[in-house]
Amino acid sequence: MGFRKKNKSPPVLSHEFVIQNHADMVSCLAMVILLGLMFEVTAKFAIMFITVQYNVTQVLGEGSCWILLLYSVNFYQYGPKDAATVVFYLLIAVILHALIQEYILDKMNRRLHLSKTKHSKFNESGQLAAFYLFSFAWGCSILTAVRGPSICYCVKFFYICQIAYWLHALPELYFQKVRKEDIPRQLYYICLYVVHITGAYVLNLHRLGLVLLVPHYLVELLFHASRLFYFSDENKQKGFTLWALLFVIARLLTLTVSVLTFGFGLPRTDNQGFSLAEGNFNVLTIRMTCLAAICLTQAWMMWKFINFQLKKWREHSQNQGSKKKTTSPKSKPYKREPARGGATNGIVKSDDRTSPRARKAKAS
């Protein structure tokens, strides 16, 4: 990882060199962009990478439908320059990723002495838990804040950072040397996040996206925090039970809000029609496409969740069955022989290896 001190440096520009020093390289590139602010010639280009663009002043029309809160037009629009802003904060995400890995997760891994498989999952959960915690707190602050130009800036900046983070996760698969068998699983959820968040940003469904992301991030935060506690102590599994309950509730909440928004709310608003210049996409085709995408994603997540729970239930049943066999009482077998009188009552242990003459003398 970046920021590490190595005794033996690999060849320059080799794969190992790039992996070990990628955070330093990215830091230099981000520093070059920041230095561009110091010169008048380059300032207008550097500012495009650092601050959000397309600030416009719009007068919001009044509406009687409550669903307008989920589909209001912001004071900030989007355009091609947003790609430069996403690239810059993608670089920042790579640097923060390396800092968390180097100064927090690696130190914890040295104390826990995890296997290679658990080590990879521990790093993944540690990074995602930090991101979900930050995004959940940020999303809650936006939803509870008073609406105005400043909150519109925060909403756009929130989406820029979200897109940048999930795009940065793609090169991190290479930088973190993720195992080949884990790459398809991580690619699935990374692509789903990029598509859904970018779709909400482009279609001006900012408020709806926040309402759906905040509870989802809370559930995911609980899951990865529970997995971190599980890796530190395998007896700590109560968090997974709470996660399973909240996971189902979050799926139902997502479906309910989506159906109410796309099926009943947006069709009744005044801003019907398609206008790319105004950022209005309130037509039946787009509404049904968005609703279908959300429903299919939630169904896929529930299918994976059910299969995961069934697999864990089978493993638990097998472990319980094996424990019952190993904990059965191990008593020494007895065999009955013809009574010879005396206190033994004709019962001797099968492991009594004394001769018949000795047993006769003992009985007499």
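One is the number of the first residue shown, and numbering goes on along the chain from there.
Here the Cβ of each residue, glycine as well, is placed from N, Cα and C on the backbone.
Bear in mind that TrEMBL entries carry predicted annotations, made automatically and left uncurated.
Annotation source TrEMBL lists domain 'TLC' at 120-316. According to TrEMBL, the feature region 'Disordered' maps to 317-364. Annotation comment: TrEMBL describes 29-52, 59-77, 83-105, 126-145, 187-204, 210-230, 242-264, 284-303 as transmembrane segment.
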(request) Select the range from 126-145, 242-264, 284-303 that forms the most Cβ-Cβ pairs under 8 Å with the transmembrane segment (210-230). (result) 126-145
(message) Before we move on, state whether the transmembrane segment (284-303) and the transmembrane segment (187-204) share at least 3 Cβ pairs under 8 Å, counting only pairs 6 or more apart in sequence.
(response) yes
(message) With Cβ-Cβ distances below 8 Å as the criterion, list the same-chain residues six or more beyond the ends of the transmembrane segment (187-204) that contact it, or say none.
(response) 71, 73-74, 78, 159, 162-163, 166-167, 169-170, 173, 213, 279-281, 286, 290, 293-294, 297
